[in-house]
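Asks: Annotation comment: TrEMBL describes D108, D298 as active site. Per TrEMBL, domain 'Peptidase A1' is recorded for 90-412. Residues or ranges marked as signal peptide by TrEMBL: 1-19.
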Amino acid sequence: MNLTPAVVLLLTLVSVCAAQVVSLPFSTARRVPWQHKSVGKMLEPPRPLRESLHRPIKHFSKPYQKPIRDFRINATTRDIKLENYFNKLYCGSIHIGTPEQDFFVALDTETPITWVPSIHSPSKPKFHLFTRTSKPYNNESSSTYTPNGRPFGVDYGPGQVSGYCSQDNVVIGGATVNNQVFGEAIIKPKMFEDSINDGILGMGFGGSNTGKEISLFDNMVNQGLLPAPVFSTYFNRYGSNGPDSMLTLGGTNPKYYTGDFTYVDLSRPDRWQFEIDRIQVSNDLLVSCWNQCQAVVDSSSSVIIGPSFEVDRLNRRLGATPLERDPKLYTFERSQLKSLPDLEFVVNGKKLIMTGEDYANQIPGPHPNQYFSGIVGKRFDSEETPVWILGLSFLRTYYTQFDKGNRRIGFAKAATFPKKFFQLPHWGHTAADS
């Protein structure tokens, strides 16, 4: 029996203040695989490019390096405005080179590498309805370009993006980051060819751990463009009457959260990963975490992902029913939505509560009165450490502070706003400066 378009969509999608602010518009569009992807790394030459592109991807291993330069006293916090595209991904405009070349990139808190398509890629420029034709980066057109040539690669599960590094000026949120190293993508899997965004804005922890290239965020800190090595995210719900989604660089913005932050130290030196004490449903213990539960926050995943056995028990306890044709997917009846129990992640002794509206994915199921659960199981290899991936359904519920200087993450309840009946997405480039 054929899967419905909604099921196919979910399977595809389950794998970007007291100080002055500057805005960069974003929107969600890239289809990213639900599978956990490895953290990308700038790979070492001097092998020929063709040979290097097929070299296995490695994880960062060195501890976080403190910024080379002290923070400037007059640096400002920068609010990067985001636009929501159907609650699936959040993308926006950056500008590279002199004169500036515009790119629509997806915010990714798991990958530290920023990359855009290269003019040397065999892929043809793509056209997107309503707004624009995508153009690849042309280093020959930029007077500030400096060759680098170091190969890079990022594994996205069903495919790998690979190419070589280049160095140029990058403008984000009105700030110019000089001599930034980024990836020029030569090879991209089909999921990137079919999506509206050109590349990735990498906000993963890695960055300077390579000892070679420094991430865009770290360079902003090093060049005195930010007051502190902190960034924060607010992801609104599609159709909300509230403000746009927001990536705040250099601090937090109280407009987008309520109450105090719950902080937890990172459990790894190269990733936004931390420990969960336990997982509960309305105070009933479901996952004890006696052997430690590890979790990462990942803006490239639209849902919450966990070990299959635990996710099955969790979904059943929440009142979801397995889909007959694909038992790893669960659905809720429309009539259940207002009475679903709370899902509770206990972190550093504090409950992070998600209501049914938070974890019941608003993707129509196989029948008009059904909705998919936003919690999906994954089978981990025997050598893998199971990791819970807290994707956008979690990140929309909690305003998240990524504190690289103190190696911790903070969670505060996201501000809520009334919903609109319907809202068309904003596709394409818009002005970055406020």
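Note that Cβ sites are derived from N, Cα and C of the backbone, with glycine treated the same way.
Just so it is clear, the model here is predicted, and its values are computed rather than measured.
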Asks: Please determine which of the active-site residues listed here (D108, D298) has the lowest count of neighbouring CB atoms within 10 Å.
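Replies: Relative to the other active-site residues in D108, D298, D298 has the fewest Cβ atoms within 10 Å.
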Asks: From the Cα of D298 (active site) across to the Cα of D108 (active site), what is the distance in angstrom?
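Replies: Answer for this pair: 7 Å between alpha carbons.
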Asks: Which three-state DSSP class does D298 (active site) fall into?
Replies: coil
